[in-house]
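Taken from TrEMBL, the feature NADP(+) binding site covers GLY165, ARG166, SER167, ILE231. Positions annotated as domain 'Tetrahydrofolate dehydrogenase/cyclohydrolase catalytic' by TrEMBL: 6-120. What TrEMBL lists as domain 'Tetrahydrofolate dehydrogenase/cyclohydrolase NAD(P)-binding' is 139-281.
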Amino acid sequence: MAANILDGKKIAQEVREEIKREVEELKSKGVHPGLAVILVGDDPASQVYVRNKHKACGDVGIYSEVHRLPKETTQEELLELIHKLNNDDKIHGILVQLPVPDHIDEKAVIDAISLDKDVDGFHPANVGNLVIGDECFYPCTPHGCMVLLDKAGIDPKGKKAVVVGRSNIVGKPVAMMLLARHATVTICHSRTQNLAEETRQADILVAAVGRPEMITGDMIKEGAVVIDVGINRLDDGRLVGDVHFESAAEKASWITPVPGGVGPMTITMLLKNTVEAARRKC
Ligand SMILES: Nc1nc2c(c(=O)[nH]1)N[C@@H](CN(C=O)c1ccc(C(=O)N[C@@H](CCC(=O)O)C(=O)O)cc1)CN2
Ligand SMILES: [Mg+2]
């Protein structure tokens, strides 16, 4: 089987057109959605992501401000800025680009963001609401995975989904979202025995481990849908996912490429959450 490509770049663009219209509608009601992004330090990849977030906001008409803080910023200084933004009516969404420098407690920072402005969906109360199926912001990358499935017309209901990776920002939330859509979900991780035995049962396989090309074609069931969340830069400069694309594409019915699969959806879902946060103020 030669897999169909789930083109995240194209789908992200389509979703951004919808978001643009939603922003116009909110503006006509007197609400201009606003996002504040905080970047601490000078991690090169984070700088690119933050720049892309700012540009993406501009493209759809969302007001955005970027707070670039030096890497020596103390936790107190960062919390003070978050507190200020929590009380700023122009700002509907706040995010702190991760990772933060080692001397800053990531959990303290996430906890400080007001629940109604937590457009990353990382606040523990948001995560709790996701688990129990209450109103919440879906974390952006897992939300992007679900939108890709929807756009390809793949209904998780009754399907066996296997998620490889148990991070708080991707593995666990995507498993919960698949469960909410009535998939039978297995979460695998570094201590899973016989990983291939598990992955070969998946109708939907989500790879989010951060290990280059570790999921190979022989680990995939014929006709499976493969969502590759990994973004790994190799020594030779190539960017690859957690899935070995060529061998996996011979087995899968649908597969996301890297780059150009899940990645472009992440920022798009951030825009969507920011609009949703603003809508709740209407
Ligand atoms: N506060 C947050 N921090 C981080 C998040 C997040 O959702 N919130 N996710 C990642 C980084 N990230 C957005 O912040 C992000 C990662 C990747 C992409 C993307 O478009 N990737 C491209 C390839 C880009 C490249 O060439 O390097 C792709 O996969 O096609 C967008 C956003 C960690 N931090
Ligand atoms: Mg690949």
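Just so you know, glycine gets a Cβ as well, placed from its N, Cα and C.
Mapped onto this structure are the features recorded in TrEMBL.
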{"residue": "GLY165", "record": "NADP(+) binding site", "Cβ within 10 Å": "23"}
{"residue": "ARG166", "record": "NADP(+) binding site", "Cβ within 10 Å": "17"}
{"residue": "SER167", "record": "NADP(+) binding site", "Cβ within 10 Å": "16"}
{"residue": "ILE231", "record": "NADP(+) binding site", "Cβ within 10 Å": "18"}
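By the rule that a residue counts when its Cβ sits under 6 Å from some atom of ligand 1, the binding-site residues GLY165, ARG166, SER167 yield nothing.
According to DSSP, the secondary structure content of the domain 'Tetrahydrofolate dehydrogenase/cyclohydrolase NAD(P)-binding' (139-281) in residues is 52 helix, 26 strand, 65 coil. Across the domain 'Tetrahydrofolate dehydrogenase/cyclohydrolase catalytic' (6-120), DSSP classifies residues as 60 helix, 18 strand, 37 coil. Binding-site extent for NADP(+): residues GLY165, ARG166, SER167, ILE231, maximum pairwise Cα distance 16 Å (rounded to the nearest whole number).
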